[in-house]
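Asks: Positions annotated as compositional bias 'Basic and acidic residues' by Swiss-Prot: 687-696. The annotation N-linked glycosylation site is assigned in Swiss-Prot to 65, 90, 191, 370, 375, 466, 705, 858, 893, 911, 929, 954 (among others) on the grounds of sequence analysis. Residues or ranges marked as GPI-anchor amidated serine in Swiss-Prot (evidence: sequence analysis): 1000. Annotation source Swiss-Prot lists region 'Disordered' at 685-710.
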């Protein structure tokens, strides 16, 4: 056993190394777990894992059933990185409980216990079994009698070399392996073999066959259920486990199995019943699943009940563990650990792997450990152990006891402490020391004595209040304990206090104004000073709120605040805070902002009629300026936004909180809001009122644009614009259509009960074509009839023209254009003519695909464009009016001319001499399917102009008189009876810079743009004839 002095030296040495290495006791990273090892495993090796960290590296040893495992005495054992390896494990020698023990210079900890068991399954000893003889209808049990084994088993049966399936008549108990047949039938005769499987090793063995035969002495009569398989009276179930309860009965008829809880509670929905209902399975078992369960077996002869109690248990589980503690000598240690479990866990404590008992300084009470007046011998590894009959858990922690002389190396006194006259100063003295030292203070060379101004706290800090200039100087803290003495010195510098000379003053301003709140001080200029401002308790961010706030002043003793374009939101308390390294002070002012009123509140519709609404409201904040008036606004589903409405009184003053809105439309849903105003401006509107609909009234607005005409023979068509919904004044809105022949006295009336109706057609054989009628349209709703529209004249449907146009003639103008001529119909024509319709189609097309164009009025010719060249077209003409088209004229034929030449002029050459430009080009030859060339068009323009001039010539040259200071853009194309041919590429002729120049169509030139000349002289000279 080490002496306390040796422990102190060792601990001091470890603390010296702490800067480079983290020294600590053992800590389990992985603890051993229970192992079920298959005896027939091909890998003849068992590993019990144990991984530990610590510094110094811990030494690992193992215990088996409480006795140390001697690795050196048995070559089969080895420890690899803490884990225990057992080669060729032996069931007799190696079965038992193992524990890993880890030790280093800080102490020892023990792991949880881990059991090593061996799984095996031997063969059945008996070779044959006796024949079982039963009556038909009798219940039967075939015993399995599994051979010696270790590890969980599963059971099945083979019937005549085939698996025996379980159903409501047959059941295999997984507890005993026995096969139960509730009621034997003739088909059950045969050989039965029990099949046993070890679920750990997967090894399977078959029992000897048991023959089953039927007796010849009759059939078993009916009898009530006899429960042969039932779960125990008490079934302990672990938290989170899967619980299986078995129950099966013999009987005739075959009994049904029903499960229920004896306390009347429903069985959890998560529970499952197997095919035969002989097993009730409850997964993830919890406290609420515990209770009394009943199995009810019933048939027509009666029923029987088996009962059992399923109890809940849980292994201990940590709720609170212990943690490492570093404590100074002579102080106290308190640890507490808590664990859940059922039954409730008990606690014990270990120190360095050995039991820890209560004695003078050590008090143990359940999960608490209290050590007083700690000394070096208390250092070590501690473990709290919580256990119940279902398990044991361990929590570990290290207790380090610190013993050292006072040391200021890392906690020197502050070199300079600044304080103001009249202020307070605290000089901290925090040396590292264990146990706690005794403190004394010196000022200069004199020991400080406590008085009403000077106190020394228990933890060594020096406090001086009401500081004066004489308190300046050097101060030394001296710390002493059993192991030595140390000191540290610092200086106190006393400064004059800061004073606010010009504080901010409260002000009353108007929205939009700008002000400056002053904040000017006197202070010790050897100290840095910082001004900050808060607004309603929040620090002003001058970067974020720079649009409104700015620091002004220009000197270190002034921190004035400018507020620009003040808004209502800027009203509140402003605080100027001044801080130096020795003091902090503040000055506050209130800013009152006058502005437009806030929104009125609680706008309510007190009463509403067909055209009025009585409103009331509560005033909102006046923002420090009396409200002078209110404006009422309304909105409907048909309005564009909010609209001001008329009220009584016409002007609502600021002391009136009710008004009547007039001029509303009946049967329209309205909502209202109020806007307040004062001398400063108009405020925000109130929240909208509830929506209310005005009452119904007679309609007052008549349809607009009453007209008509058209339609079919013997019809009078009357049309109008519907009355908007907001002007219909009520439900059941419709129209009354009145009409009479012009000059007659009696009106004919028709009622249309639809607000959407906008057209009425009167049909009668007596209606003559294009006869005038007087027409008016009235309105009505559920309240009654409203007015009629003004009377207007509408003509009945007219008759389409009855005669075709005469003298149809067509001529070709070009390859794409033709012109058509005709004369008005000859003889009496009953229908009015509004114009003519020309139909045309190519000879290769069908007439039904013909195109049509129309003329208006008396026009008797038209031009048709965009046709195909050298193609035969057929044309016919009809007269038309609103009733339709009349008969068609006879068709005439016309052939468009051949297309113009497709080849553009080539080999274009130009020469300039004596201010003239002479252009020459090759003659264009038309193809066989093209019309002959009649001449050429020369298109030219100045470089900076968009308008183009044209010269026509039947020659292949042209002479132009051009200015000297402008480029020319020129194109040339042929023309023929078929129209204009393809154009040449554009030619740029540069301005004339010398007396002679020449070029071709491919040449280019860089030209400078000069001022335009207003006149161009052009002369033509024939070079060759076509």
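Using N, Cα and C of the backbone, Cβ positions are placed for all residues, glycine too.
Structural setting of the listed features?
Replies: Same-chain residues lying 6 or more positions outside the compositional bias 'Basic and acidic residues' (687-696) and placing a CB less than 8 Å from one of its CB atoms are 599, 601, 603-605, 608-611, 613, 615, 635, 664-673, 729-731, 781-783.
Cβ neighbours within 10 Å of residue 65 (N-linked glycosylation site), excluding its own Cβ and spanning all shown chains: 11. According to DSSP, residue 65 (N-linked glycosylation site) is assigned to coil rather than to any helix or strand.
Around the Cβ of residue 90 (N-linked glycosylation site), the same chain contributes no residue under 8 angstroms that is 6 or more positions distant in sequence.
Taking the Cβ of residue 191 (N-linked glycosylation site) as reference, residues of its chain lying under 8 Å away and at least six apart in sequence are, in sequence order, 159, 160, 209, 210, 211, 212. The DSSP secondary structure for residue 191 (N-linked glycosylation site) is strand.
Within the same chain, residues at least six positions away from residue 370 (N-linked glycosylation site) with a Cβ under 8 Å of its Cβ are 332, 333, 334, 335, 362, 363, 364.
Classification of residue 375 (N-linked glycosylation site) by DSSP places it in coil, neither helical nor stranded.
Neighbour density for residue 466 (N-linked glycosylation site): within 10 A of its CB lie 11 other CB atoms from the protein chains shown.
Note on residue 705 (N-linked glycosylation site): other Cβ atoms within 10 Å of its Cβ, all shown chains, come to 10.
A sphere of 10 angstroms centred on the C-beta of residue 858 (N-linked glycosylation site) encloses 9 other C-beta atoms.
Reduced to three states, the DSSP call for residue 893 (N-linked glycosylation site) is strand. Sequence-distant neighbours of residue 893 (N-linked glycosylation site): residues of the same chain at least 6 apart with a C-beta under 8 Å from its C-beta are 810, 843, 872, 873, 874, 875.
The Cβ neighbour count for residue 911 (N-linked glycosylation site), using a 10 Å radius and every protein chain shown, is 14.
When Cβ atoms from all protein chains are considered, those within 10 Å of residue 929 (N-linked glycosylation site) total 10, not counting its own. Reduced to three states, the DSSP call for residue 929 (N-linked glycosylation site) is coil.
Following the DSSP three-state reduction, the secondary structure of residue 954 (N-linked glycosylation site) is coil.
Within its own chain, the region 'Disordered' (685-710) is flanked in space by residues 599-601, 603-605, 608-611, 613, 615, 617, 620, 633, 635, 642, 664-675, 716-724, 727-731, 733, 735, 775-790, 792, 794-797, 882-883, which lie at least six positions past its ends and keep a Cβ under 8 Å from the stretch.
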Asks: Can you grab the distance from residue 954 (N-linked glycosylation site) over to residue 911 (N-linked glycosylation site)? Cα atoms, rounded to a whole Å.
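Replies: Spelling it out, the Cα of residue 954 (N-linked glycosylation site) and the Cα of residue 911 (N-linked glycosylation site) are 20 Å apart.
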Asks: Given residue 858 (N-linked glycosylation site) and residue 466 (N-linked glycosylation site), what distance in Å do their CA atoms have, once rounded to a whole number?
Replies: 117
Asks: These are the glycosylation sites: 375, 954. Which one scores highest on other Cβ atoms within 10 Å?
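Replies: Neighbour-count leader: 375.
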Asks: Write out how many residues of the compositional bias 'Basic and acidic residues' (687-696) are helix, how many strand and how many coil, based on DSSP.
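Replies: The breakdown for the compositional bias 'Basic and acidic residues' (687-696) reads 0 helix, 2 strand, 8 coil.
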Asks: Round to a whole number and give the Cα-to-Cα distance in Å for the pair residue 705 (N-linked glycosylation site) and residue 65 (N-linked glycosylation site).
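Replies: About 112 Å separate the Cα atoms of these two residues.
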Asks: For the region 'Disordered' (685-710), what are the DSSP-based totals of helix, strand and coil residues?
Replies: 0 helix, 7 strand, 19 coil
Asks: Determine, to the nearest whole angstrom, how far the Cα atom of residue 911 (N-linked glycosylation site) is from the Cα atom of residue 929 (N-linked glycosylation site).
Replies: 35
Asks: Can you tell which of the glycosylation sites 65, 375, 929 lies nearest to residue 466 (N-linked glycosylation site) in space, using Cα positions?
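Replies: Nearest candidate: 375.
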Asks: For the C-alpha pair, I'd like the distance in angstrom between residue 375 (N-linked glycosylation site) and residue 929 (N-linked glycosylation site), rounded off.
Replies: 126
Asks: How big is the gap, in Å, between the Cα of residue 929 (N-linked glycosylation site) and that of residue 65 (N-linked glycosylation site), rounded to a whole number?
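Replies: It is 119 Å, counting Cα to Cα.
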